[in-house]
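Inspection log for the structure reproduced underneath, given as structure tokens.
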Amino acid sequence: MIRNSIRKKLLILLLAATMIPICSSIVISYYYTRHSVTETAIEQNSSRIELGKLNALNYFNTLNQLSVSIYSGINVADSLYTYLENTRKTPVSTSEAVATSYDPVYMHLFNLYQTDKDIYQMHFYIANGSQSNLWVNGYFRREYNPGYRMPKNQDGEYKAFIQPTHINNQYGLKDALPLSKIAEVPVFTLNRPMYLAPTVAVLGYLSIDVRLDGLNQIFDNLYSPERHEQLYLLDQDGRFLYSSQAEDYGTVMQEGWEKKLKATEGSGHFEWRDGSFSGIIFYDHLDTGYMNTVVVKKIPFTDLYHSANELTGINSGIAAASLIVAMIGTVLISLQITRPLKQLLLYVKKVQKGNLLVPMNVASSDEIGILARRMETMMETIDELILREYKLELANKTNQLKALQAQINPHFLYNAMQLIGTQALHSGSTNTYRLVGNLAKMMRYSMNNEETEVPLRREIEHVKAYLELQRERFEGELEYSLDFEEATLRITVPKMLLQPLVENYFKHGYDGRIGKGDISLRGYVEGEGKRLVLQIDDNGTGMEPEALKRLVQRIESMDQGTTVQGQERQTEEKAHSELELLSAGGESRSSGEGGIGWLNVVSRLRLQYGNGVAIRLENRPSSGLSIRIMIPLQGEKEDLG
């Protein structure tokens, strides 16, 4: 039974683990290679066919320009066009006159022949007089040819068109040409009627028979005969202008995919499978005013996927060899694994009973032995973690109890102050009630650690409660004013922004000996609503110029940190230095060593707004210090409550 045999399970497992990836790799590699080869072939052949089409278009346009060169002689006395124009009144002679160098027909055909080496012969027919002029391979022949019918295009009109490749003919001339000048040559013909400009009255007809050398040079490089690829240039009726198989000339394409090709436009490709052909067919239409053709290339799947099939055969051989090696190795490994596995099973049973520290007697040094020793170490670690988790749970309960006790004390004090205020109110001491109420507001505002940002209105209320307590402390020897624009009250600012700055005045700037204290706070928006300005002015002792300069430098140095972590680290270092200075002597503001509140506020502003915030400190002309904080409001979230 397989279920009770580790050896059989290992054999099946290892074989499956070996063969499934290998077979999957073969299949995936085969289809990926096919896809990659197909995509590459599509990209390369589409580009090559487009290039070939453009070259062919230039080639045909050059021939077309030659055919219309007769019109360059309009209004020229001795030109061929003027000669044709005159034949409307005076028909040409029907006699077989010998052409001379002064003959306009002879000279024009001679010039055309010298222009393009692929021209095999040209036939120029003059309608009024039924005169045929034939130039064949450097030989000129003129003959009366009343039986000649000027060709019409696909729509039955006298317009220029390309006649598919065929064997050359003599255009109905009766007299035989010299054998040295004639041969059966496959040519395509550019037919063009000559109009009386600007009408469509036909004066003559030019037919240019062109050898296939030029087309062969263009298209022969676009396919590989050894790979069974085929290339065609077909007209709209499926007749061949060019074919990679010479026997196709003079015939019409008879393939199942021809109907699908006729329904296409532009360029592209499609796959085709039938009894005669299975592969990819590329096409690119070449349409001009004188021809409607399409370049077609066929690539069979057998040649397209040849490399993929070879790779699959190699991979299959590797898979067969891997299977044999895997079978031999599986049998040997299963014999070595079975014995220590039984010992490992006995150990697991003991652990299952709860004995985590039972020793494991497995002496092998292979993977099973390593596994056994690791399991033994793991059991020891688990035993230690269980004890540690128990201790952490006890410590957690203790911390929760301490946190509960710490939470009770502030709330107890707040409730006690409310009770004291109520008793003072009942006793008629309204001033005491007011002071206790202000202190309670400050404690409640300060103890709420869930908020880091508040509307400016709440920050002002907190500062007002603080100033009321200070005014009572100094027995009326303090005046303060709060002047904030209505638009600023809903702007969100960092909590505890103003109170540390105001408190700095009472710690280091206020001197009751020089008169009544005065501090004013203002808030307004400037810069078209883009910046909040907070200004604090007092009449304290101010700061000595050198001390003010040092404090400003400390604040500006906090901008040098490029990251939030760098700013926090600089703030922490300077805060520690300030604590040391204040603890050592408690110097006044004038010495410039009372900036702990400053550094805290500046640090939080920098973290909140980055370098967009600006802080200005300066001594007032009379006495005291002026503080100006400018906070950017772009993207500011306002409290609408």
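Heads up, residue numbers simply count up from 1 along the chain you see.
Including glycine, each Cβ sits where the backbone N, Cα and C put it.
Within the set 184-202, 317-335, the record from TrEMBL flags 317-335 under the feature transmembrane segment.
Across the domain 'HAMP' (335-387), DSSP assigns 39 helix, 0 strand, 14 coil. Predicted-model confidence for the domain 'HAMP' (335-387) is 76, expressed as mean pLDDT.
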